[in-house]
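Undergrad: Below: one structure in structure tokens.
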């Protein structure tokens, strides 16, 4: 069965994709009758060398994304994973020659079809008296024994686009550019790894990988790599890649060693998330620096893809200062990243954390009866939430991402860890403030933020008094802050429903002669009833608000958790009173 693709037709997808890119970029034009994109300011290139590249489609943004001042003059696109037609290549050469350029350099990836078709077009152009040269890029570092076809052309080709473009922009001649980039290309190595295959529109995937497997050294068309291995953490993957790329017994290795200076490219092969790319980039830089390699520049993104392949390639290019200047030279090519002209290695990547405001000594005093009671309450709350983890997760799966219990359990374990550090502060306001900071840092998600808001606001009325009216006022203040920023209201099927119900009962604490436990008992029962009632509500806030009410037939997990917290508090205070 072929994979799903968003195309108009299999036959027309390459042309449609190129047309869409040109339509969105006024600096580009299509060459009438051909699948060719060119700079729209060709006339400004009179007397300068033109640079043409291309190949099969399906590797976007390569190569059209790298057309622009300081990079390519134009590209010729073949069908998906197919070499461009000789006629299209020749038409592109003629177009730039007729614009008055001082010769054309063809930058070609090392694949048989590309070499043949670009080579034939070059010979025909030369026969017409046009000055044309060709460089073939072979940067694949996968194969330890050189094959007759040579090394494949991979993402390192993009760096040659950049270097050649900068040289052409300086006004260097065709012969000299050709010689320089031919030498530079020999100091580039690329290696890929993937978790999945890719599939040409209208066809089945190019190969199969088990769920726990990945393939090392595969090509950008799904060609076989050097071996399959079990899925391991990113640090191990990157270590394996760097070891393979720099192993001197590997005929296709890149000669990077301690003391070398490199440009690093972390290239998404199509289907990785930016989250994964960031993790891989972090590992690559750490591990290179750990080997004594200076990372002069780092590029992270999608440069040469393989359709939807869930993989990454790493490219290393040995550089010196003159070569870095060419990498840093200005370009307006849409797919080239805007990089700082500063070395990655040697830069201080950590800024000192801001200092905490000084606390009044009386606010931080610990120990005493109140402190011990607060410790018992917090310990019971923590134990309760940890015990409810699976139940809350199950409730959350119907309307959220199924992690409400895990989130509350994470908060509970953080509180337990804090309690082990020593006695809690004697001041309830200080306890709530510290809990707020702890939950914001450790709990995470919207729940952490909402509890953080609630506790921060609730702490304020308790700074002056800690009697029952002050605790009722603290509840009111916390709810007000939660509503202000969370945008939830009673009846929206959130934790606020339980908290609001409890708060209404706690208003009785503001009356003269009010008792602690009778009022709190009513508050707990109201909170539990409100939590149970949420299963009949339509969600008005949070992720559940995007779910049909017909699917919401269980209580809201946040409301259940809030009610359980009140029940835990009551149980501790009842035990103390007994």
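Backbone N, Cα and C define each Cβ position, glycine as well.
Copied straight from Swiss-Prot:
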DOMAIN    9-336  domain 'DhaK'
BINDING   56, 57, 58, 59, 109, 114  dihydroxyacetone binding site
ACT_SITE  221  active site, tele-hemiaminal-histidine intermediate
DOMAIN    372-571  domain 'DhaL'
BINDING   401, 402, 403, 404, 446, 447, 486, 494, 495, 556, 557, 558  ATP binding site
MOD_RES   511  phosphoserine
MOD_RES   545  phosphoserine
Undergrad: Determine the mean pLDDT over the domain 'DhaK' (9-336), rounding to the nearest whole number.
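TA: Mean pLDDT, the domain 'DhaK' (9-336): 96.
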Undergrad: Does DSSP give residue 401 (ATP binding site) helix, strand or coil?
TA: coil
Undergrad: 56, 486, 557: which of these binding-site residues has the highest Cβ count within 10 Å of its own Cβ?
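TA: Of 56, 486, 557, the one with the most crowded Cβ is 557.
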Undergrad: Taking the centroid of the Cβ atoms of 56, 57, 58, 59, 109, 114 as the dihydroxyacetone site, which other residues of that chain lie with their Cβ within 8 Å of it, listed in sequence order?
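TA: In sequence order, the nearby non-listed residues are 54, 55, 62, 63, 77, 78, 80, 81, 82, 83, 111, 220, 221.
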Undergrad: Cβ distance under 8 Å to residue 114 (dihydroxyacetone binding site), same chain, sequence separation 6 or more: which residues?
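TA: Long-range Cβ contacts: 55, 83, 84, 108, 153.
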Undergrad: Count, for each of the recorded positions 57, 446, 511, the other C-beta atoms lying within 10 angstroms of its own C-beta, and report the residue with the smallest count.
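TA: Fewest other Cβ atoms within 10 Å, among the recorded positions 57, 446, 511, is found for 511.
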Undergrad: Between the two most separated Cα atoms in 401, 402, 403, 404, 446, 447, 486, 494, 495, 556, 557, 558, the residues recorded as binding ATP, what distance in Å do you get?
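TA: Those residues reach a largest Cα separation of 20 Å.
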Undergrad: Find the one among the binding-site residues 401, 486, 495 whose C-alpha lies closest to that of residue 109 (dihydroxyacetone binding site).
TA: 401
